């Protein structure tokens, strides 16, 4: 038996990984150092890279003044200028007309800020590109998002578009401000999950927004927690329409960009469709319900698309939620339900009825307040008339009272009072005009030393018994 030569390493054994290729976000956070966690990142996987242009082409795309972008109201672009904008200043329009509160997110697409408009003092969100336009193709790609967002009619479950402009080669989009994105909301919840009762509410809002897009032949293409936003009242809205496809105008060949964690298999192999949006939404619901850390490739990626998810990740979820999600991530795109079909689910019908009752109660409360205000406005003149009558009556009573008191006090004035020689004649008149206190020392009397207030009370008490007929 030969001995291997010194310095030759023995072959390293290879062990097969018997564990599941899937894991939860909670386990991933435990293994990731806190210094490497970036809650603001919202990067997008690019399947195709934009073309690189020369410096001369970039300089041609830069404008010294803001140019507002409008595809449906080109005549009124000048209205978008703010009264706080000074064209002679070198400061950009963004810094002159908005007050930046904080940064909401950052990624390869750009950075998003929470701002306050100086015109109306209202909060908004503004997305700004990180780099200037690289080429005319890059500019057209970014402006396509504005065209698609402007073409959408306002819907309560879609982020509202305000305006867009370009300045200095940078691209800006102003939208309504939401409280946070869904991934930021999940990051601060226990186990990185959303409780199922609240999850059904989010699910219902997202289906309504997606059904609105599909009914107008739009495909979102990029549904994921980073592009879902929560309002202050707890409702969900779909946003970030940069990859949205208009089936009536665009030629659908393949997805230019997207996150492979949420894309269906047919999108990578073919073209996106409405069922691919249903798949992306189903994977999103699965992620926030189970806390699953979605893989971007590998065996775990294949397991999700083959519906081979271990039961340990579905523990605690209701059977109807599991059944609905499995139906949405079906490998066969034609077997997936539509958004309008999902809205007919029993849970969503119950939520719809519950919200209608809540809206009815709010409308009744508002109508009650309006009626109370109207009735109060009608009764206000009558109340003023009543107060005038009471005021006149009080003035009449006060005048009569003063006349009577003046008549009584005339006989108590000094010129009508005569001193009496003794207490035998008119004792009350003498007491009133010259009150005395009886001393115990030999029956002598001395003037009383009580206050004027007590004397007035005594006078008013005895005046009723005086005989005014003897007074000259």
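From the backbone N, Cα and C atoms, a Cβ is placed for every residue, glycine too.
TrEMBL: automatically predicted annotations, no manual curation.
Annotated ATP binding site per TrEMBL: 127, in sequence order. Using a 10 Å Cβ-Cβ cutoff, residue 127 (ATP binding site) registers 21 neighbours. According to DSSP, residue 127 (ATP binding site) sits within a strand segment.
What TrEMBL lists as compositional bias 'Pro residues' is 1-12.
As annotated by TrEMBL, domain 'Protein kinase' applies to 98-348.
Taken from TrEMBL, the feature region 'Disordered' applies to 1-40.
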Which whole-number mean pLDDT does the model give the domain 'Protein kinase' (98-348)?
90
